[in-house]
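In TrEMBL this protein carries:
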| type | residues | note |
| --- | --- | --- |
| DOMAIN | 82-193 | domain '3-dehydroquinate synthase N-terminal' |
| BINDING | Asp86, Ala87, Glu88, Asp89, Ala90, Lys91, Thr144, Thr145, Lys157, Lys166 | NAD(+) binding site |
| DOMAIN | 196-347 | domain '3-dehydroquinate synthase C-terminal' |
| BINDING | Glu199, His271, His287 | Zn(2+) binding site |
Amino acid sequence: MSTPQESAPATDGPATAPEIVRVESGAPYDVVIGRGLLDELVAAVRATGATRTAILHPPTLELTADAVKAALADGGLDAHMVQVPDAEDAKSLEVLGFCWDVFGQVGLDRRDVVVGLGGGSVTDLAGFAAASWMRGIAVVQVPTTLLGMVDAAVGGKTGINTGAGKNMVGAFHEPAAVIVDLATLESLPRHELVAGMAEIVKAGFIADPVILDLIEEHGPASVDSSTLPPALDPASPVLAELVRRAIAVKAAVVAADLKESDLRETLNYGHTLAHAIEKRERYRWRHGAAVSVGLVFAAELGRAAGRLDDETADRHLTVLHALGLPTTYDPDALSELVTIMGSDKKTRSGTLRFVVLDGLARPGRLEGPDPSLLAAAYSVVAGQRKRPGTVDLG
Ligand SMILES: NC(=O)c1ccc[n+]([C@@H]2O[C@H](COP(=O)([O-])OP(=O)(O)OC[C@H]3O[C@@H](n4cnc5c(N)ncnc54)[C@H](O)[C@@H]3O)[C@@H](O)[C@H]2O)c1
Ligand SMILES: O=C(O)C(=O)C[C@@H](O)[C@H](O)[C@H](O)COP(=O)(O)O
Ligand SMILES: [Zn+2]
């Protein structure tokens with residue numbers, strides 16, 4: 001039923017009892033984690049009371065969407081597949097408008113549901129399409145990338161990019177359920193698994209250092225280069241544990257502060273620079289890769305401001321580099337990036353605000369840093385300055 005390029009349909013593989021992470025927000029919902037979760041997906045959609053559903057999916061997941069559609073139809077739903085452009089190209093006003101047109105054609109009404117099947121770009125789009133259709137209908141998220149599972153599909157941040165920047169238009173619109181079928185990761189290319197690790201590493205630094213211990217113990221250094229290390233192997237219990245832990249971090253944060261009045265900003269660790277890089281690169285860099293560089297920058301800002309100890313700052317470089325994530329960027333880009341960062345959603349009255357660490361799992365804020373601090377931190381990203389004790393990144 002699946003091609004080597006495509007995700008295994010959620011029915012494939014032995015089903016094991018799924019685990020549930022409950023997101024105790026205003027409208028609590030379950031993140032169901034397991035393998036072979038097609039029945040759980042159908043149950044989640046049926047639980048919304050919908051009679052019709054639109055399944056938004058990228059071209060790569062055509063067969064999987066087909067299998068999902070068939071299962072939903074067997075479950076008594078009138079299900080429609082809606083193919084959207086791949087990756088970041090899906091997060092545009094034009095594609096959103098296309099989705100609204102299709103919703104109208106198939107007759108989605110207020111009781112109906114959108115299914116977001118794909119990576120974070122599709123779940124962001126699907127969430128916002130659902131949030132905006134008839135002023136808000138239900139969405140069930142089915143992330144099929146590592147990054148989508150551990151971050152994008154959970155927490156209700158939805159949106160698209162505009163000329164002004166990354167995720168500039170969107171809504172907080174929580175899913176009715178999130179179905180995390182680890183079997184879908186089996187077709188995900190290694191570089192996409194690696195990109196997803198950047199958000200897992202972020203969760204480790206802001207809240208759950210056990211994540212970092214697991215990656216250090218079971219990451220690429222633990223095997224020869226031709227073998228997938230347990231931390232990146234979709235079949236490994238180590239990756240499942242990393243997924244569970246990162247989802248738990250996100251669930252706890254969004255339950256406490258859905259609309260990002262304070263605590264939720266910590267999930268933006270590394271993202272101030274990352275989003276500027278993505279915009280400057282016209283969204284051709286993977287989000288996870290940009291986040292990796294942004295994490296190094298944020299760690300160095302914390303160090304330069306005298307707030308983060310050398311050991312924790314250095315650990316960012318070693319963990320990210322060991323995973324094969326980028327830790328450097330164009331040495332000449334700082335002034336352009338600073339201008340772009342001026343439109344970051346955390347900026348207040350023109351004052352740049354960054355999430356930094358005051359220690360491992362102790363996130364804080366740095367407001368209006370002196371340009372010399374930005375330059376000092378960026379010199380590490382630019383590969384111009386190495387701290388004593390850091391690994392030689394070559
Ligand atoms: N809303 C949030 O809280 C949040 C959090 C983190 C990231 N994001 C957003 O998520 C997006 C990045 O998501 P992403 O990294 O998942 O990238 P993506 O959605 O672009 O997917 C990456 C690639 O993987 C392919 N793919 C997806 N599932 C597959 C599978 N099972 N097998 C094979 N190929 C598959 C896609 O077709 C695509 O080419 C960014 O736009 C980012 O801003 C949002
Ligand atoms: O959920 C959040 O809150 C996050 O910040 C998670 C980030 O990983 C994610 O990339 C998010 O989309 C960034 O949101 P933005 O508000 O900075 O656009
Ligand atoms: Zn992110």
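Using the three backbone atoms N, Cα and C, a Cβ is placed for every residue, glycine included.
Sequence-distant contacts (6 or more apart, same chain, Cβ under 8 Å) of His271 (Zn(2+) binding site) comprise Val291, Gly294, Val355. Ligand 2 lies under 6 Å from the Cβ of His271, out of the binding-site residues Asp86, Glu88, Ala90, Thr144, His271. The domain '3-dehydroquinate synthase N-terminal' (82-193): residue composition by secondary structure is 51 helix, 33 strand, 28 coil, according to DSSP. Put simply, the two farthest-apart Cα atoms among Asp86, Ala87, Glu88, Asp89, Ala90, Lys91, Thr144, Thr145, Lys157, Lys166, the recorded binders of NAD(+), are 22 Å from each other. Proximity of the binding-site residues Lys157, His271, His287 to ligand 1, judged by a Cβ distance under 6 angstroms to any of its atoms, singles out Lys157, His287 in sequence order. For Ala90 (NAD(+) binding site), other Cβ atoms within 10 Å of its Cβ number 27. Summarising the environment of Thr144 (NAD(+) binding site), the number of other Cβ atoms within 10 Å of its Cβ, over all protein chains shown, is 31. Taking CA atoms as the reference points, Lys157 (NAD(+) binding site) and Glu199 (Zn(2+) binding site) are 15 Å apart.
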